[in-house]
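Chemist: Just dropping this structure here.
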Amino acid sequence: MIYSLWCLELKAYIKYNFISENKNPTTMSGRVAADAEMKDSDIWSLPSARHNTDELPYVHKVGKPPKQDLLKEIKTALKETFLSDDPLKPFKDQPKKRKLVLGFQTLFPILEWGRDYSFSKFKGDLIAGCTIASLCIPQDIGYAKLANLDAQYGLYSSFVPPLIYAFMGSSRDIAIGPVAVVSLLLGTLLRQELDPVTQKHDYERLAFTATFFAGVTQFTLGFFRLGFLVDFLSHAAIVGFMGGAAVTIALQQLKGLFGIKDFTKKTDIISVMRSVVQAAPHGWNWQTLVIGVSFLTFLIVAKFIGKKNKKLFWVPAIAPLISVIIATFFVFITHADKDGVQIVRHIKQGVNESSAHEIFFNGPFLAKGFKIGVIAGLIALTEAVAIGRTFASMKDYQIDGNKEMVALGSMNIVGSLTSCYVATGSFSRSAVNYMAGCNTAVSNIVMSIIVLLTLLVITPLFKYTPNAILASIIISAVIGLIDLDAAILLWKIDKFDFVACMGAFFGVIFASVEIGLLIAVGISFAKILLQVTRPRTAVLGKIPRTSVYRNVEQYPGATRVPGVLIIRVDSAIYFSNSNYVKERILRWLSDEEEMFKGQPRVEYLIVDMSPVTDIDTSGIHALEELYNSLQKRDVQLILTNPGQIVLDKLHTSNLADLIGEDKIFLTVADAVLTFAPKMEQA
């Protein structure tokens, strides 16, 4: 009983002395904790009645931070930039032999997961590999034509690169080979330098050169752990670019779908449609049109069936190969090629030839191959990493982006030496691979073996394959790249992202692939610059019956503090935005004085620096100029909750002394409690 009474007395004392709203304000943020502390003997001697005391609420002192080690700061910054995932951690405290083993496992992940490989896993990989092979063979032939290369080069690119990736890649689900967007991009850029018909040999050499430098670019980014550079191409820009490229690719296939012989070499929608319309009176071939439209309908229906019923994933996967077999047989028995139906005619039989001697390592085409390779390599890298991360998240495992880049770069370097052009992860094939139940990258090995057998045995059978069926396969494949749901979501979430998406989309379809890519990159950087140079600021008010201060626009019920203006800066303060931040704060002050003329004038300007992660010399000067401007207006500048780095620079520059250490607080509530205590009654 006595203990209970004592507890009640103690609670009453604490409530009165520490929570009471009728306290006198403190005059400094540096009140020591001892002012609010009580000794045990004092507690025991408390009378039961409340005392009229002058004790003030505790306001924590914001002191000078410990001096930071410059070398340690640089080391930490470099580690977070290049080694954030701490890749050397497994090697620590390991014997040399173990480090060697770990090194090989890092370079070749197959050595790690291969130890636990079993026959049950192989069954899944075998089925998945056969399924994606049936999809990739007709696609590869069509994609090679997009790149203005002979059909066998598409098959080559689904033989060697997947084998290399299977040993070096960390994704279990990604399926490697040529893809539509990269094929079109490569073909467009190469054709600007050389004609694929009259300068065929040099065109192929330039393609191998571009592939080599695409691989070098990817390998370099991964080896030096510069993968974060790829993230500068925003998701919105990629959605728009992919959608525009899909439309452009589909339009390009109208040549094969309608059997048009004289077709424009331009890729923009106006030139393509003009070419189609002009060829309508005499250039269309009705047999070709019937074949193309019929099988395109079949492929779209098959894709719809697979989408509706996940168990029937194999239907859209084998539909392209079935279409090729049926269409080829139909043309062969009807001799439709003699009636104007364009056919593949010849695919070179046999495995890849060495192309190491074909690469331009000097001469005028070296720089051109390097430029084209860098562009194609970055696009291929972006697509592959995005696909790999998507399927890794679905199966709840992690992939190392930098390892992926090394693997992709290595396979394209080796591919360039073996008559391949740029290969990367294919979304359609990876989706089929995933749904077919693949367990490891062995599915890529199975696919490669089947492609090898195709090159050795089956290629002569593709002689009568009509171009219309290849066009149908490509159109049905690229339809999935047009992501309307993503575009609608961009509109709902961020209008600027939607503008970036549409800019890239219309740039591709109305100009060219490279113009669309340039617009995509330009808009992505513009968004970054806009956010950096024009950071958000907000006026804060007090949430009733709390000590919390929030944006008055977000919380209309938040009340402003009479005589005090509270501003929050939602960004680091650098040379690029320091002047804007200073002027924006002064505009807030002018607007406040004009809006509330009949109320007490603003005497204190509180700047909440919680979101300010860093500040440079220009930012320090901007705060100094802000302080001087406020002094002329007889307004006191108060800072709250600056981070360690910011606070250290405030003290180093002596700005803290200029403002006054007693005007730097831990929280906005402490600052208001000190300089506007009547608001604590709100």
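Cβ from N, Cα, C; glycine included.
Remember, TrEMBL labels are computer predictions, not curated facts.
Keep in mind the model is a prediction, meaning the values are calculated, not measured.
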Chemist: Looking at 5-25, 131-151, 404-424, which one does TrEMBL call transmembrane segment?
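Modeler: Here TrEMBL associates transmembrane segment with the stretch 404-424.
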Chemist: What else in the chain is close to the transmembrane segment (469-491), if you only count residues 6 or more beyond its ends and a Cβ gap under 8 Å?
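Modeler: Residues packing against the transmembrane segment (469-491) from afar: 138-139, 141-143, 145-146, 180-181, 236, 239-240, 242-243, 245-247, 249-250, 253-257, 291-293, 295-296, 299-300, 303, 320, 323-324, 327-328, 344, 427-428, 497-498, 501-502.
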Chemist: For the domain 'STAS' (554-675), jot down how many residues DSSP puts in helix, in strand and in coil.
Modeler: 59 helix, 21 strand, 42 coil
Chemist: Any chance the transmembrane segment (503-526) and the transmembrane segment (284-305) are in contact, meaning at least three CB pairs closer than 8 A with a sequence separation of 6+?
Modeler: no
Chemist: Give the nonlocal contacts of the transmembrane segment (174-194) in its own chain as ranges (CB under 8 Å, at least six residues past its ends).
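Modeler: Same-chain contacts beyond the ends: 132, 136, 139-140, 143-144, 146-149, 154, 157-158, 161-162, 165, 202-203, 206-207, 210, 241-242, 245-246, 248-249, 252, 265, 267, 365, 368, 372, 375-376, 379-380, 383-384, 387-388, 391, 411, 421-427, 429-430, 432-433, 441, 443-444, 447, 474, 477-478, 481, 512-514, 517.
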Chemist: Look over the recorded stretches 284-305, 312-333, 372-392, 404-424, 444-462 and say which has the most C-beta pairs under 8 A to the transmembrane segment (206-224).
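Modeler: By the under-8 Å Cβ criterion, the transmembrane segment (206-224) pairs most with 404-424.
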Chemist: Please give the sequence-distant neighbours of the transmembrane segment (284-305): residues at least 6 beyond its ends with Cβ less than 8 Å from one of its Cβ atoms.
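Modeler: Same-chain contacts beyond the flanks: 256-260, 312, 315-316, 319-320, 323, 326-327, 330-331, 336, 339-342, 466-469, 471-473, 475-476, 479-480.
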Chemist: When you scan the chain for residues with a C-beta under 8 Å from the transmembrane segment (312-333), skipping those not six or more beyond its ends, what do you find?
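Modeler: Contacts with the transmembrane segment (312-333): 131-132, 134-135, 137-139, 291, 295, 298-299, 302-303, 305-306, 341, 343, 432, 435-436, 461-462, 464-466, 468-470, 472-473, 476-477.
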